[in-house]
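What Swiss-Prot says about this protein:
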type    : residues                     : note
BINDING : Cys67, Cys68, Cys133, Cys162 : [4Fe-4S] cluster binding site
Amino acid sequence: MQYKLTRIDPDASYEQYPIGERETVTDPSEGQVHRNIFMGKLEDVLSGAVNWGRKNSLWPYNFGLSCCYVEMTTAFTAPHDIARFGAEVIRASPRQADFMVIAGTCFIKMAPIIQRLYEQMLEPKWVISMGSCANSGGMYDIYSVVQGVDKFLPIDVYIPGCPPRPEAFLQGLMLLQESIGQERRPLSWVVGDQGIYRAEMPSQRELRREQRIQVTNLRSPDEV
């Protein structure tokens, strides 16, 4: 079986995967409001209801690459209880899942397989990059490791750490739910590529910059 790793080209045609399916467009609810106040408001309410259901019933795919996967599975245990966020039903097949966590080191030989699994997932679908290795290659600055899974997959949330704690994974999951709640998709019976409005999600590092600057006493690692 032959695999081919495809790099994202922003200048490529819309038919090329995954640019065509991940196109960012203007909010369709705004156009509806201008054309028809009642229908626009109704669609806005329906979009909120649909997004509420989507963000509170994520179906994760049971997939892991390295040590970060151990931290991710720890979030499913009783002390952390990921069931509070509606994402505890792990699926064994990507065709039954809409949410994937790339947890661990992504090697060149594994990248086409990850891309194939992503293509088999249900729409709409989301991806979290968990850990330094998945985000940027981590300490493996070598030819055999992909320096960031966003080179061949669209990523919704990045979780830093080596490895991140389960609490960090839960925070990333809540950020993903916040992003899903602000999405706007066409509500129609049409099946196919449809434009998606995604709100800009600012970096948590920039949001908490002032808070970090005001810190005067730094705690030791065993006190965190």
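Numbers here mean position along the shown chain, with the first residue as 1.
Note: Cβ is positioned from N, Cα and C throughout, glycine not excepted.
Feature map: annotations from Swiss-Prot on the structure.
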{"residue": "Cys67", "record": "[4Fe-4S] cluster binding site", "CB count, 10 Å": "14"}
{"residue": "Cys68", "record": "[4Fe-4S] cluster binding site", "CB count, 10 Å": "27"}
{"residue": "Cys133", "record": "[4Fe-4S] cluster binding site", "CB count, 10 Å": "28"}
{"residue": "Cys162", "record": "[4Fe-4S] cluster binding site", "CB count, 10 Å": "12"}
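Within 8 Å of the centroid of the Cβ atoms of Cys67, Cys68, Cys133, Cys162, where the record puts [4Fe-4S] cluster, the same chain has further Cβ atoms from Ser66, Glu71, Ala103, Gly104, Thr105, Met130, Gly131, Ser132, Ala134, Gly138, Gly161, Pro163, Pro164. The DSSP secondary structure for Cys162 ([4Fe-4S] cluster binding site) is coil.
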